[in-house]
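Below is one structure, written out as structure tokens, with a few remarks after it.
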Amino acid sequence: MHLQRALVVLALLNLATISLSLSTCTTLDFGHIKKKRVEAIRGQILSKLRLTSPPEPSVMTHVPYQVLALYNSTRELLEEMHGEREEGCTQETSESEYYAKEIHKFDMIQGLAEHNELAVCPKGITSKVFRFNVSSVEKNGTNLFRAEFRVLRVPNPSSKRTEQRIELFQILRPDEHIAKQRYIGGKNLPTRGTAEWLSFDVTDTVREWLLRRESNLGLEISIHCPCHTFQPNGDILENVHEVMEIKFKGVDNEDDHGRGDLGRLKKQKDHHNPHLILMMIPPHRLDSPGQGSQRKKRALDTNYCFRNLEENCCVRPLYIDFRQDLGWKWVHEPKGYYANFCSGPCPYLRSADTTHSTVLGLYNTLNPEASASPCCVPQDLEPLTILYYVGRTPKVEQLSNMVVKSCKCS
């Protein structure tokens with residue numbers, strides 16, 4: 001008897017396949033979607049900043065050049081990080097991804113030379129040392145989320161070679177006057193060509209500096225095999241030292257000093273100098289019960305929807321203007337951004353050899369009021385960088401998962 005009932009239900013399911021071929025999720029008109037999306041974004045931004053209400057608009061009308069440079073550098077860095085994740089097909093699953101990060105920029109400082117040079121290899125011809133003072137954020141050191149070392153490679157027209165390998169090291173305290181270093185990463189770079197920013201992940205190194213100030217002896221970029229020049233067959237060329245022919249802005253361009261206006265002109269040049277960008281999670285945004293465990297993982301990115309007129313589930317463009325749509329004047333940059341949204345029917349694909357689809361269809365038939373069919377939801381999201389004021393204090397922060405880049409049926 002039970003077997004006969006099951007067969008009847010499955011027969012009805014086959015007849016109902018066409019009617020179940022589209023998602024049962026409600027299709028909304030664009031105006032309603034935008035209204036809901038705007039309200040969601042309003043709540044997201046305030047939540048990620050741990051604000052109960054929008055800050056009062058600042059009386060400051062001019063954004064300092066250094067702050068604007070930090071904002072632009074952060075945007076560039078996030079774009080690079082997203083590109084690396086695309087190439088590596090990696091996913092970010094940390095719960096700390098959700099909350100906004102405070103952005104701190106530390107320019108290179110001129111420090112005293114440490115006793116860590118090779119006896120026959122003076123620094124300057126085989127390597128460059130970069131030192132930074134990050135003591136101002138030590139009290140929040142355990143909440144470091146990400147640290148990037150950025151340096152601008154500039155072309156060297158007089159270079160004798162077209163390419164050279166460089167390696168980045170963390171300088172360690174010497175042991176019995178023997179130089180010690182910790183390898184961080186390496187790159188093969190052109191010596192000429194156009195200028196380009198180089199980025200290195202130095203999160204572990206900076207975290208160590210923040211926890212133990214005495215360990216902060218700086219970073220060093222060195223050529224791959226210092227103090228040796230190799231012939232094409234691999235033999236060492238005696239008494240000839242390979243020198244670093246890669247040039248860096250702010251380190252090798254000494255001709256910039258002493259020329260022009262020392263005020264605004266110098267400030268404009270400074271943002272091209274070597275620097276660290278630190279992303280910190282403020283303590284008050286952590287350890288909140290009930291938060292984080294419900295956050296979604298990131299997924300792979302796709303630009304398919306912007307290249308094709310897809311009627312089914314896809315990401316749709318939606319521009320949010322902070323002033324017009326949210327009524328906010330406290331966000332200085334950007335003026336708005338493409339938040340996007342997911343929309344479109346999800347085809348209900350069911351085949352005879354798909355047990356999951358059969359069970360899902362059976363459940364949907366027996367529970368007509370339930371929504372067991374897949375809905376079009378965000379799959380991949382990107383962060384947004386904003387510049388805003390709290391009183392007269394400018395802040396640059398990264399807000400995670402604010403831009404919908406792709407969708408999926410789930």
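Heads up, the Cβ atoms here are built off N, Cα and C, so glycines get one too.
Looking at C227, C407, C409, the record from Swiss-Prot puts C342 in a disulfide bond with C407. Looking up C409 in Swiss-Prot gives a disulphide bond whose other cysteine, out of C314, C346, is C346. Between C376 and the candidates C313, C314, Swiss-Prot records the disulphide bond with C313. For N133 (N-linked glycosylation site), the same-chain residues lying six or more positions away in sequence with a CB closer than 8 A to its CB are F106, I109, N216. Neighbours of C314 (disulfide bond) among the recorded positions N72, N140, C342, C376, C407, C409, defined as a Cα within 10 Å of its Cα, are C342, C376, C407, C409. Look at N140 (N-linked glycosylation site): DSSP puts it in a helix. Of all the disulfide-bonded residues listed (C314, C346, C407), C407 sits in the most crowded Cβ setting, with the most other Cβ atoms within 10 Å. Using a 10 angstroms CA-CA radius around C376 (disulfide bond), the recorded positions that qualify from N72, N140, C342, C407, C409 are C342, C407, C409.
For C409 (disulfide bond), the nearest of the recorded positions by C-alpha distance turns out to be C313; the candidates were N72, N140, C313, C342.
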